[in-house]
Amino acid sequence: MRFDKLTTKFQQALADAQSLAARNDHPYIEPVHVLAALLGDPDSGAASLLARAGVAVNRVQPAIDSALKGLPQVQGEDNVQVGRELQSVLVRTDKEAARRGDTYIASELFLLALADDKGDAGRILREAGLQKKALEAAIDAVRGGENVSGAEGESNREALSKYTLDLTERARQGKLDPVIGRDDEIRRTIQILQRRTKNNPVLIGEPGVGKTAIVEGLAQRIVNDEVPETLRGKRVLSLDLAALLAGAKFRGEFEERLKAVLKELAQDDGQNIVFIDELHTMVGAGKAEGAMDAGNMLKPALARGELHCIGATTLDEYRKYIEKDAALERRFQKVLVGEPDVESTIAILRGLQERYELHHGVEITDPAIVAAAELSHRYITDRFLPDKAIDLIDEAGARIRMEIDSKPEVMDRLDRRIIQLKIEREAVKKETDDASMRRLAVIEEELEKLQREYNDYEEIWKAEKAAVQGTQAIKEEIDRVRAEMAELQRKGQFDKLAELQYGKLPELEARLKAADSAEREAGESDSGKPRLLRTQVGAEEIAEVVSRATGIPVAKMMQGERDKLLRMEDFLHKRVVGQDEAVRLVSDAIRRSRAGLADPSRPYGSFLFLGPTGVGKTELTRALADFLFDSEEHMIRIDMSEFMEKHSVARLIGAPPGYVGYEEGGYLTEAVRRKPYSVILLDEVEKAHPDVFNVLLQVLDDGRLTDGQGRTVDFRNTVIVMTSNLGSQHIQSMAGKPYEVIKEVVWDELKHTFRPEFLNRIDEVVVFHGLEAQHIESIARIQLKRLGERLEKQEMRLDVSDAALAEIARSGFDPVFGARPLKRAVQQQIENPVAKLILEGVFGPRDVVPVDWQDGKFVFTRTLQ
């Protein structure tokens, strides 16, 4: 017979049979080798065909293994020949193919030829229940009246089961999530499916709004018989385009597979509805030089009504791919899927609640569901409901489950800190200097304290974990172990029996005892001990997830934070001196926003700081960032003098399409996208081009800005501070006059520089006073304190006398330049001499660096600490 007339699958089976014979040192390939190869290939379909013919396939494999062991072996024989018995079976296979009119010989005909085989392979199949007539009927059913006319004829058989997923079957098994709401969209989809022509709906909507869920909802309705008569009993099949493309190495393979799918769909008389998720991927899929893509192959079937199809894609991709192909677009009817509102999202989450509770093994409360919908809508602006709300519920549930299964976060942090200190201890032990010895003592003390704390937590955690897991699961486990012990005893496997009897069983019984006592004590509240494990997902857990994802402090304010906000002025005054009015206005704005009273559609606060140079405008902004985020890193500083030209506006929001740098994004918009909760400092704002203020209008009013790529950036969680020197000459000339009078004069000058619509959108215009002599001394203390902190890192202490402090303040005071000359005075009169003395070795570790003013000069006299 001609081996080139075998189908690809059959050729592969013969090659595998040859390898099997060679591995086992068999000199000849026998029918049993080929049978083993066919059953060993999951893609061959031989096992499913035999099962359909009533063969007990699970009995076949052990019998084949036994038959292979009984075959003669020849050591060192490399040339494996086709055995006489196999030749005889192949001849019968060839005759059967000719009788059926097949151009190529398929592997199922080999199985049919084995039905009459007198050898091992035939005997094994007959003993497993093979009957020739049943196998012939199964082959006819699989072929569907088609002949094998190509080498891939076998591969493309049952294409629907290979390349699609049956959603109606999954719905029947209860594997699909319940679909809540979306009745209008499902009804419109059903309406389009019932049309005579162009009965192909395409669901178009933003990512995450529930397009796929609508199709799953349709599948569930079909299963529940909640659809019109024309749709009853139909199947919804999800097309797996990746499976169609995977492994299509040669030209025409992909087209052949898709053609096989379309052919099967054409034969089913419209009983199958194909769902193509990400419909735009069909345009261009499988396209090679001069070949057709999947989109073009679908058009005729769609036009004739042979293919009942539902597509789903996003708005952008529909416009980019489908709309460009007018012939494809006209064959689909659009169903726009909008983003559900917060109320609808809450209803959807309530429907999914039970599924997520089962998956995570925790309880999800109703306040958590409401919080997930509201907080995701408010704070996660770059994604869509209900997807982003479901994500919050899912992640909060996963977090609680993880705490139950593994160490609680507080213990994990302690554990890592203990390891870190142990590593440091080993490194410091090798050093012999005094500083290392002192550090070693500190490490030992801290390690002992942390270890005690960890042990206390571990004791609480173990008790709580035992209570949470409950007794039922442990009882079931004990029951299972005892059943396993009885089985092992019957088999005489006493080593494994001993492991269970003296190892696992006592451990489980101890756990059961602990769980029982923990459950009894669960009702008794122990206020002295912190609770480590949570079993409920509440609103606070959702807020924690949002806070971690966005960096925005959404979580309920703890008492410590409330006190901190109430004393905000004291914190800011530690760094900003002499600007009481400015500090009060800024503090009030932050308190309003954190108390939830500020307008949610605008930034937390927008301020215009006015005043002479060096009075603390930028320093107050830095102090504000430090107060809100415990770090000045969260301050986005933009020097507006860099935006003096008209075209420089594009640098803020990103270049428009077609310009160089389009993909890079804007300087301001990208910074806020990465840190949505931050203080934005627009320094020297009056130096910017007037067009820059047009961009800022929508930021100040609506709290959002559209960048060069059309993405909306959320500024609602930012504090915007603009600084300017405008009116500084009036502020200095009117020193000592009431604040309101100075502000009125400065306001008149502002009107000449900035447009009314810009000024009208700013929350507060804050006028900074010029600094006076008494303020400079307080600022000098702050500057010297920072110098002292730098010296402390070198184990030295700075001690400045009152006389020296007064002299520094006097020499550093300049009413025109504010506090900046003071910084230079500290640098020149203190830092420079001290730096020289340290380098000369006069001052070293554990020394006090005294600074005094004597006889018209600064004096530094060394004393031991």
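Glycine is treated like the rest: Cβ placed from N, Cα and C.
According to Swiss-Prot, the domain 'Clp R' annotation covers 3-145. Annotation source Swiss-Prot lists region 'Repeat 1' at 6-71, citing sequence analysis. According to Swiss-Prot, the region 'Repeat 2' annotation covers 82-145. Per Swiss-Prot, the feature region 'NBD1' maps to 158-339. According to Swiss-Prot, the feature ATP 1 binding site maps to GLY205, GLU206, PRO207, GLY208, VAL209, GLY210, LYS211, THR212. Under the heading region 'Linker', Swiss-Prot lists 340-551. Under the heading coiled coil, Swiss-Prot lists 390-524. For 561-770, the entry in Swiss-Prot reads region 'NBD2', with the evidence type similarity to another entry. Annotation source Swiss-Prot lists ATP 2 binding site at GLY611, PRO612, THR613, GLY614, VAL615, GLY616, LYS617, THR618. Marked as region 'C-terminal' by Swiss-Prot: 771-865.
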Task = Summarise the model's confidence over the region 'Repeat 2' (82-145) as a mean pLDDT value.
result = 77
Request  = With a 10 Å radius around each C-beta, find which of these binding-site residues (PRO207, GLY616) has the fewest other C-beta atoms nearby.
outcome  = PRO207
Task = Could you measure between GLY611 (ATP 2 binding site) and GLU206 (ATP 1 binding site) for me? Cα positions, answer in whole angstrom.
result = 48
Message = Tell me which of the binding-site residues LYS211, LYS617 sits in the most Cβ-dense spot, judged by other Cβ atoms within 10 Å.
response = LYS617
Ask   = By CA distance, which of the binding-site residues (VAL615, GLY616, LYS617, THR618) lies nearest to PRO207 (ATP 1 binding site)?
value = THR618
Ask   = Does DSSP put GLY611 (ATP 2 binding site) in a helix, in a strand, or in coil?
value = coil
Ask   = GLY205 (ATP 1 binding site) has how many other Cβ neighbours within 10 Å of its own Cβ?
value = 21
Ask   = In terms of DSSP three-state secondary structure, what is the assignment for LYS211 (ATP 1 binding site)?
value = helix
Inquiry  = From the DSSP assignment alone, can you count helix, strand and coil residues within the domain 'Clp R' (3-145)?
reply    = 94 helix, 6 strand, 43 coil
DSSP three-state assignment (helix, strand or coil) for LYS617 (ATP 2 binding site) = helix
Key: Listed in sequence order, residues with CB under 8 A of THR212 (ATP 1 binding site) and six or more positions away   = ASP277, ALA312
Message = I'm trying to understand the geometry here, so how far is the Cα atom of THR618 (ATP 2 binding site) from the Cα atom of LYS211 (ATP 1 binding site), in Å to the nearest whole number?
response = 49
